[in-house]
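J.: Could you have a look at this structure, given as structure tokens, before my questions?
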Amino acid sequence: MKEYIVYLQGLLKQNNIQFEQEEDFAQSKLNQINNEFGYEHINRYKRQMILSEIGLTGQQKIHLAKVLIVGAGGIGAPAIYYLAGAGVGTIGLVDGDSVDVSNLHRQIIHNNDRQGMNKCESAKKQINQFNPLVNVITYQHHLSSENAIDIFKNYDLILDATDNPATRYLINDTAIYLNKPLVSGSSVGWEGQITVYGMQGPCYRCLFPQCPKTVQNCNEAGVFGVMPGLIGLIEALQAVKIIIGQQTLSQKMILIDGIRDVYKVVKLRGQQKDCIACQKQIKINEYDYASFAQTICSTSIPFRGGYKEIEWKDFLQIQKNDNVVLLDVRPSQQYNIIKLDGFKNLPYQQIDQFQVEENKDKEVYIMCRRGNNSRLACEFLKDKIPNVYNIVGGIDLYAKGFDPKMPLL
Ligand SMILES: Nc1ncnc2c1ncn2[C@@H]1O[C@H](COP(=O)(O)OP(=O)(O)OP(=O)(O)O)[C@@H](O)[C@H]1O
Ligand SMILES: [Zn+2]
């Protein structure tokens, strides 16, 4: 009982809730637990309950905990699974996206039959079968500055399992504003990183007051499914350790390089006195997160002239003879997976290797994935070759207009 009261007092303090009679509150929680927590729970969780760090009290804390997971994608999927397996009593899920077949190599809580279904709904269906003792609450829309506080305030701790910097700052600011511990991870390519914000340590803004320019959230980067999987698992581990009062990754970060097998724990700098999130100087519902965290991928290259542009429908009418050169400037990995007849590959990064002398009297048509790098390639060649054309919209637009079944990479 005494241990419970201390734990509950901690929770109340964390959430800035003042209760006159904390003992009464603790007693009512205990009653709730006594009514809810029985043989069924012990049978299911006994293999972890016999661990000295968990025990009956720890398992009951886990049962009482309310954990919010934002994003039911690559990181969220294993986090949801393992937190439900561990017996977290209430799990909230926020995601407005629906299941796509290209998600399934990593988002293992979804399945083939649930393509097109909202991801929270799909995850809830899975958890209901997997562990019916868990109450899953779904928010089937994206988190925004308008709804974040209202959702977060119902939970004890937050997991960031999203993939874009604007949402990362929004989640950080809201969790810090409400004094909720935040477990935050990200993964791209073969890499992943994870830490815990708040809890007297730094927050995301303490570390990155300006949005890092290298942050990418575009699906262009590619990801090996195990990497977000690992990060999601460690997020679940951190969440449970916060609940049972064990040491966590606060002020530390795990960095994983899966292709080189490098696993590092680095120390982070502490909370910053001038951090506007930690100082609670941000009006979350008025803050423009999209402009603050504009990403490289969201920018599109404008047409600045000096070369010509052509639409696919006109390009397809052109006689392809020896005087016509077709260039695909996408990365070679993408070209090797899917290509259009007649196009040769020269990745944009190597455009300076284009044989100008050999081709300067020809018509050169350039395409890429969406029409941005091809514009840059045209800009590079426009003073060297008089007839350079950018094919507007790249192969994505071709697929949409002329071959709807073609996979978009
Ligand atoms: N503001 C937000 N609120 C809730 N969920 C979000 C928000 N922003 C992103 N997400 C979700 O976070 C998840 C991130 O998952 P993941 O990184 O695996 O990428 P994805 O968007 O599912 O896939 P892909 O990038 O291949 O299209 C997605 O399900 C996405 O919908
Ligand atoms: Zn901060």
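Here the Cβ of each residue, glycine as well, is placed from N, Cα and C on the backbone.
In TrEMBL, annotation is done automatically, which means it is predicted and not curated.
Keep in mind that what you see is a predicted model, and the values were worked out from it rather than measured.
Annotated active site, glycyl thioester intermediate per TrEMBL: C218, in sequence order. What TrEMBL lists as active site, cysteine persulfide intermediate is C368. Per TrEMBL, the feature ATP binding site maps to G74, D95, S102, N103, L104, H105, R106, K119, D163, N164. Among the features that TrEMBL reports, Zn(2+) binding site is placed at C203, C206, C275, C278. Here TrEMBL flags 320-407 as domain 'Rhodanese'.
Could you tell me the structural context for the features on the list?
T.: Long-range Cβ contacts of C368 (active site, cysteine persulfide intermediate) within its own chain (separation 6+, distance under 8 Å): D328, V329, R330, Y348, S374, A377, G394, I395.
DSSP assigns L104 (ATP binding site) to coil, not to a helix or a strand. Within 10 Å of the C-beta of L104 (ATP binding site) we count 16 further C-beta atoms, all protein chains included.
DSSP assigns C206 (Zn(2+) binding site) to a helical segment in the three-state reduction.
When the domain 'Rhodanese' (320-407) is classified with DSSP, helix, strand and coil residues number 34 helix, 16 strand, 38 coil.
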J.: Please list residues from the chain of C203 (Zn(2+) binding site) whose Cβ is under 8 angstroms from its Cβ, counting only those at least six apart in sequence.
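T.: C203 (Zn(2+) binding site) has long-range Cβ partners N172, A175, I176, L182, Y197, Q271, C275, A277, C278.
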J.: Residues near the Zn(2+) site, C203, C206, C275, C278 excluded, by Cβ within 8 Å of the Cβ center?
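T.: These residues sit around the Zn(2+) site: I176, Y197, P202, Y204, R205, L207, Q271, Q272, I276, A277, Q279.
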J.: Which binding-site residues from the set S102, L104, D163, C203 come near ligand 2, judged by a Cβ under 6 Å from any of its atoms?
T.: C203
J.: Should we count any of the recorded positions D163, C203, C275, C368 as near ligand 1, judged by a CB under 6 A from one of its atoms, and which?
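T.: Only D163 qualify.
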J.: What are the non-local neighbours of R106 (ATP binding site), defined as same-chain residues 6+ apart in sequence with CB under 8 A from its CB?
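T.: For R106 (ATP binding site), the qualifying residues are G73, G74, A77, V223, G225, V226, P228, G229.
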